[in-house]
Amino acid sequence: MKKQNPWISLSEEEKNQIFNFSENYKKFISKFKTEREVASYALDKAKKKGFLNAEEKKNLMPGDKIFYTCREKTVAFAIIGKNPIENGMNLIVSHTDSPRLDAKPSPISEENELVFLKTNYYGGIKKYQWLSTPLSIRGVIFLKNGEKVEINIGDNENDPVFIIPDILPHLDRKIQRNKKSDEIIEGENLKILIGSLPIETKEKNKVKLATLQLIKEKYKIEEEDFVSSEIEIVPAGTAKDVGFDKALIGAYGQDDKICVYTSLESIFDLEEIPNKTAICFLVDKEEIGSTGSTGLDSRYLEYFVSDMIFKIKKSEYNNLHVQKALWNSKSISADVCAAINPLFSSVHDEQNAPKLGYGIPIMKYTGHGGKSMASDADAELVSYIRQLLNKNNIAWQVATLGKVEEGGGGTVAKFLAGYGIRTIDMGPAVISMHSPMEITSKFDLYNAYLAYKAFYKE
């Protein structure tokens with residue numbers, strides 16, 4: 001199924017529209033790098049667009065714009081549709097978390113008069129890619145009195161950055177050079193250099209004490225306070241255009257913030273009341289299996305759908321309404337997929353692999369080997385999506401995750417399908433996924449926005 005490169009047929013006006021849309025996305029992904037930051041941004045923008053806190057409303061009716069928030073990391077936005085909600089909803093679900101490093105509960109140590117922050121990697125990273133890379137420290141810490149302190153260090157002009165120092169090639173022959181890629185550095189050694197100046201004292205660990213003193217002076221944070229913290233270490237720096245033609249975007253966290261951004265913008269831009277209730281659901285913890293109380297496996301979806309239906313049905317409410325609403329719904333698992341990387345093309349079945357710049361990929365299934373752990377969308381749903389995209393002149397392509405026995409992976413699709421929701425994976429293709437600098441196409445970004453908006457409208 002060969003297709004011409006879609007860029008060729010675009011007018012200058014269409015190209016400008018795509019490039020202009022991409023500029024705001026670049027600003028977004030440069031600034032908001034953690035799940036808390038993304039959730040906060042989404043809530044702030046939703047309020048400006050007229051969305052109200054559903055927990056404070058007693059009744060809901062068609063056209064109402066509402067939001068739900070779960071522990072400052074997971075958020076849902078809904079526009080109540082014209083049709084009875086038990087006839088089904090249209091959901092787009094993306095995730096706010098990205099692979100990163102997390103600080104350990106007792107993280108600060110001194111070794112050879114240098115101070116390090118000990119970490120535990122989060123999600124599927126290639127550990128060696130994080131060596132000698134400028135890093136930013138972000139997150140929240142609760143002090144012993146319960147006060148919340150937010151930190152964001154490494155991305156402002158006058159901020160320091162932080163580094164995991166690599167070994168020089170002159171001395172790496174025995175310790176590193178002949179090892180497998182996942183053994184180049186042990187997870188326990190992903191320690192971030194954060195200080196080197198000592199303090200004048202008779203105590204040991206003079207540099208650690210000096211670093212802790214600086215942290216306390218600026219942020220009121222003491223060493224024990226790290227126990228009640230969520231400190232995330234992410235790549236420093238901003239999104240960049242890639243290539244002379246500037247048609248690609250390089251940035252950290254595009255898995256899955258490219259889908260977060262496009263699903264948000266598309267629901268915010270709906271001009272008319274949709275036929276079916278439209279839901280934009282941004283969830284946490286996808287990169288580690290959707291676990292925890294803010295992950296999709298927590299049943300928060302069932303909670304807020306039940307609350308919506310109760311406020312619509314009032315005295316007529318019963319649990320069967322909830323089950324019917326979920327069972328009759330359609331969902332897009334809005335997550336990125338792996339584009340063909342010409343340097344490593346052998347891992348793909350090229351006939352079934354997406355390319356950068358060919359539109360939004362439709363991925364019927366993910367999983368491993370024999371489709372293990374996949375939700376595997378039914379042909380009827382794929383047909384519906386295909387017709388929807390064609391009807392709206394939206395560029396699309398097919399996608400699978402590599403050759404059959406090459407590897408594999410999963411998304412939130414199986415958790416949505418567990419409610420009986422008909423679900424398909426559909427998100428832009430990415431090169432260098434899970435790296436500190438992921439690459440996407442501006443054309444695919446814009447067509448994801450168009451596709452999600454068309455889906456909400458139905």
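Glycine is no exception: its Cβ is also placed from the backbone N, Cα and C atoms.
Taken from Swiss-Prot as is:
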BINDING   His95, His170, His434  Zn(2+) binding site
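The structure, with features from Swiss-Prot marked on it.
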| residue | record | CB count, 10 Å |
| --- | --- | --- |
| His95 | Zn(2+) binding site | 28 |
| His170 | Zn(2+) binding site | 6 |
| His434 | Zn(2+) binding site | 18 |
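Reduced to three states, the DSSP call for His170 (Zn(2+) binding site) is helix. DSSP assigns His95 (Zn(2+) binding site) to a strand.
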